[in-house]
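For reference, the structure discussed in these notes is given below.
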Amino acid sequence: MRWPPWASESQAQQHNTKPPIEHNEKEHGSKSKSWESSVTAIDWAAFAEPRTIIPTVILTSGFLGAFHIHRRYLRRFPDAGSITPSHFRRRSLLGRVTSVGDGDNFRLYHTPGGRLAGWGWLPWKKVPTSKKELRDKTVHIRLAGVDAPELAHFGRPEQPFAREAHQWLTSYLLNRRVRAYIHRPDQYQRAVATVYVRRALDFPIPFRRRDVSYEMLKQGLATVYEAKWGAEFGGEAMERKYRKAEWWAKLRGTGLWKDFRRNEKEWESPRAYKTRMGLEEAVQPRVESKK
């Protein structure tokens, strides 16, 4: 029936259908509001329950602990410049010696964690062997507390016993695992370190830990570092130990100390050699410019 009587039939139909739609919208809105409020209340209550909190705390702690362990113990340093200051005088680097450049420095491929972390037996943790693979991936180490005779380089002649020192250090360290206690970086982007090595055929005690700098001084293949600036021994006790080893080698006339007593005036230490070469190179350009 049309109502009001003067309304058309189409208008009456629209009027009759509006209330149910509005009623449905109101009903749907109230249902959605009640659903949202109930979901919110249930979620917050679940988060506060021990069965939710305990696994979350354990998982988060485990993740943070793993990150801390990896960053502190398993992080690999590709070169000396990447070593963080927190390692200086506190931590050590374990790695394999890939090359020996001179009588008192070498290259180390850092293998954090050693065999326990998979180095040497896991397929993806192999130490590279080719020069191409090792490029920009090794730490340049300078032995602390010692100065070895200089090999011929940069146009400078070879110093007596330089080849013997280089050969000895190569046979003693090359392809072996060593532990380097880092003291500080030097002006040549090297890490000055006290280095220890264990050798299976070490008489009389196999696998005894040996201080490489100390062994070189005993063999008479290096002198105690004499420079006024930049000398690093790793402490006063180590300096006394090194000077005592040098004194004994000098007394026995071992290695580069062989002719020290007979020809002390002309005998030249590695430090004196470097100083003389530096002075000659400084004077040479002036002479050439005058010509």
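Cβ from N, Cα, C; glycine included.
What you see is a predicted model, and the numbers here were worked out from it, not measured in a lab.
Over in Swiss-Prot, the protein carries these features:
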ACT_SITE  Arg142  active site
ACT_SITE  Glu150  active site
ACT_SITE  Arg190  active site
BINDING   Asp147  Ca(2+) binding site
COMPBIAS  8-17  compositional bias 'Polar residues'
COMPBIAS  20-34  compositional bias 'Basic and acidic residues'
DOMAIN    91-259  domain 'TNase-like'
REGION    1-34  region 'Disordered'
TRANSMEM  53-69  transmembrane segment
Looking only at Cβ atoms, how many others are within 10 Å of the one on Asp147 (Ca(2+) binding site)?
21
By Cβ count within 10 Å, point out the most packed of the active-site residues listed: Arg142, Arg190.
Arg142
Show me the subset of Arg142, Asp147, Glu150 whose Cα is within 10 Å of Arg190 (active site); these are the recorded positions I mean.
Arg142
State the mean pLDDT for the domain 'TNase-like' (91-259).
94
Which same-chain residues, if any, lie at least 6 apart from Glu150 (active site) yet have Cβ under 8 Å of it:
Asp102, Gly103, Arg156, Glu158, Gln159, Ala162, Pro270, Tyr273, Lys274
With DSSP assignments reduced to helix, strand and coil, which class does the residue listed as 'Ca(2+) binding site' get?
strand
